[in-house]
Amino acid sequence: RENFIHLHNPHLEKMKEDILYHFALGTGTHDFPALFGDVKFVCVGGSPSRMKAFIAYIAEELGLGGPGCDYPNICVGTDRYAMYKVGPVLSVSHGMGIPSISIMLHELIKLLHHAKCSNITIIRIGTSGGIGLEPGSVVITRQSVDATFKPQFEQVILGKTVIRSTNLDEELAKELMQCSQEMSQFNTVIGNTMCTLDFYEGQGRLDGAICLYSEEEKLQYLKEAYDSGVRNIEMESSVFAAMCSLSGVKAAVVCVTLLNRLEGDQISSSHDVLVEYQQRPQKLVGYFIKKSLGKV
């Protein structure tokens, strides 16, 4: 059964043209079904360079490209986001934080709708701070929770607070975990992910420009997070989960931990080690895509 994207916006039907401003794309200037109609997997991550590296990696894994191949940025007309495509895989950057990924997702979901895509899987691949995990561990998110450990995304719309669910696809999380077990290359867990509005105070760091709490208060908070099921912290998963769920899209979040926040706040691993860590979600999701396409 084909599962198409659900758009919860009746106003779009009245528009003669839909301009995806932050992608520099539009239905009046681009043939969305021709450009994107075959997309089945969308991978999103913060950094444009990381998403270009991912598309080069998956192209080689799927036998659709090799060393030296060029993958042009589809959103070359803007410097807000970068987008790359090879075969059925779309790779898109989303910047840092809830506002940035939210803007991207509004336009990405419309893009997939206009392209008449069906049976889409969207996976966020990224980095995070771990809680009680060795650096380099990969966390597959069960639920995204807010800074009070509630599985919800809260947004003010027309002056009123709207709360949306942040549940992710349970079966997809299990499939990804099975893939990691088959690969057997790095430690992977399924756990809750705390999504915050800030990198410093919002995550209980002691090294920001402003910090008005003690180290003991910080550790107590992080231990409370761990006890509630939280295994990592980042800044995008709540709105990602909420918007994908509303749009009827299977979605997952796969993030590597760069440090254990119970042991410190600053990332001290070498550049080479961090590069290898950042490749781990790409490898796991790449294996999942290959397996889904019968190439494993």
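Using N, Cα and C of the backbone, Cβ positions are placed for all residues, glycine too.
Annotated features, as they stand in TrEMBL:
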BINDING   R80, R124, I125, G126, T127  phosphate binding site
BINDING   Q203, R205  substrate binding site
DOMAIN    40-289  domain 'Nucleoside phosphorylase'
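For the pair T127 (phosphate binding site) and R205 (substrate binding site), the Cα-Cα distance reads 17 Å. Here the candidates are the binding-site residues R80, R124, I125, G126, and by Cα distance the one nearest R205 (substrate binding site) turns out to be G126. In this structure the alpha carbons, written CA, of Q203 (substrate binding site) and R124 (phosphate binding site) are 20 Å apart. Other C-beta atoms found within 10 angstroms of the C-beta of G126 (phosphate binding site) number 24, with every protein chain shown included.
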